[in-house]
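What TrEMBL records for this protein:
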DOMAIN    40-487  domain 'Major facilitator superfamily (MFS) profile'
TRANSMEM  36-64  transmembrane segment
TRANSMEM  76-95  transmembrane segment
TRANSMEM  107-129  transmembrane segment
TRANSMEM  135-151  transmembrane segment
TRANSMEM  163-181  transmembrane segment
TRANSMEM  193-216  transmembrane segment
TRANSMEM  333-354  transmembrane segment
TRANSMEM  361-385  transmembrane segment
TRANSMEM  391-418  transmembrane segment
TRANSMEM  439-459  transmembrane segment
TRANSMEM  465-484  transmembrane segment
Amino acid sequence: MSGFEADNNGVSISVAADHKTVADFEVSKKPKRNKFAFACSILASLASILLGCDIGVMSGAIIYIKDDLKISDVQVEILVGILNLYCLIGAYTAGRTSDWIGRRYTIIVAAAIFFVGALLMGFATNYAFLMVGRFVAGIGVGFALLIAPVYTAEVSPASSRGFLNSFPEVFINIGLLLGYVSNYAFSKLRLDLGWRVMLGAGAIPSIFLAIGILTMPESPRWLIMQGRLGEAKTVLDKTSDTKEEARGRLSDIKAAAGIPEDCIDDFVQVQKQTHGEGVWKELFLHPTPVVKHVLICTVGIHFFQQAIGLDSVVLYSPRIFEKAGITSSDHKLLATVAVGLSKTIFILVATFLLDKIGRRPLLLISSGGMVVILATLGFSLTIIGHSDNKITWAIGLCITMVLSSVAVFSIGMGPIAWVYSTEIFPLRLRAQGASIGVAVNRVTSGVISMSFISLYEAITIGEAFFLYAGVALVAFFFFFTFLPETQGKTLEEMEGLFGKLVGRREETQKLKRKRKMNEANHQIQLGNNLTTDRQC
């Protein structure tokens, strides 16, 4: 049969004789990865490598800093953890800066600041000088932690936003692994030189980051907020899976920015943004039920990501391995490389699961797994601590649980905190809202990393991990109660998922029905266009 006619609400749809059917014009339910969006996300996420490098390098360098500068355990805790508090300044400033000069140039600012901080740490002559370098580097890390997820969320199509927006966490882990490897490589240098080279080498990634960022476009959402519709349309066409999706994204962002739907000019005058003034009032003083729910989810997911104590495992893994019976510095550093490798492998696995399984299931699996792993780690360390003899099975169990903890964390809680918190805020609140998440994340991380040694000396190292296991259990119930699934939703559809704890399933089903109706209408329109072409 050469063709057929189908009637759809009185509209005749003729199918061409060259065997094309309406199905040929259907929007693919599983579109191919958008290569341009992929490249932009990779470049933006390189900013996150700065934090990973710092954490990885400092975990090993601190062994030699302590011996060289003769500092106490309290000074070690402060030096390791204070960068997280300095991040607050960077994160707060980055939210306003990114609304002012754009997401792209804010990443360049982050790279420049971290470059200076790394050099200062590398040339530090004493503890006070080293703390100045940590301050500057911390501001740069704060910039990077805020802006990389925001840019990636705004440039990604809905079909692969989870995959692409997990890249910042991927590069944190890659930076962590690079830091561990450089520690081992430079550990053979003399005592006063090795740790300085370790810290100073962190300036190298920031150079490549700044150069790479110059090749990527500005965020389409920021461009629209500036009235630069022509440029935004070009970026959306390149970063969307289909032309229809690009038009839909453009329409949604224009509506969120208060620009009329029928406005097609390349440049329009928009109300001058206040670069954050007024946004804080909407977030804290007069939040709607939706904004309030979004804030609870953002604060909660970032708090629990750090409060379960994973930073204690990562930053103090040499001490944990020492408690487990590994006394050689070389062996401890090699063991930390294994930690970094495990963390990196499983974060890569998570990137492919986010848009297939969803955010919520992975969060529940990850937090539930952390309860078991942290409790088992606490048990093995308690057994080792109470025995005068070397217990091989307990040492093996301890090392296995350390590696398992970073793996299970990386498959859920690690990347999803950044993905989730940047995709759920409305456009007008996104930069400042994301900065709140970064602030909570870094404060909690700072408290955990600056108190771990004092905590396990006050109780025991085993009991410290039992405490973290209890926090992970609370995290599981928080995620189960408050966090709706956001998989596959556009950034502009998120508002319907928040504001109520009851009825989320119905709202999700409503969004699915709406999407199916839009796809059906799109197919009808394609059929009509095909009929017109044949008549012509």
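Each position is counted from 1, following the chain as shown.
From the backbone N, Cα and C atoms, a Cβ is placed for every residue, glycine too.
Counted over residue pairs 6 or more apart, the CB atoms of the transmembrane segment (391-418) and the transmembrane segment (333-354) come under 8 Å in at least three pairs, which marks the two as touching. Residues of the same chain lying 6 or more positions beyond the ends of the transmembrane segment (135-151) and with a Cβ under 8 Å from any Cβ of it are 40, 44-48, 50-51, 54, 82-95, 97-98, 103-104, 106-107, 109-118, 120-121, 165, 167-168, 171, 202, 206, 219, 418-419, 421-422, 430-431, 434-435, 438, 441-442.
Panel annotation: around the transmembrane segment (361-385), residues 301, 304, 308-310, 320, 323-325, 350, 353-354, 391, 394-395, 397-398, 401-402, 404-405, 408-409, 411-414, 416, 460-466, 468-469, 472-473, 475-476, 479-480, 483 of the same chain, lying at least six beyond its termini, place a Cβ under 8 Å from a Cβ of the stretch. When each of the listed stretches 36-64, 76-95, 193-216 is scored by C-beta pairs under 8 angstroms to the transmembrane segment (163-181), 36-64 comes out highest.
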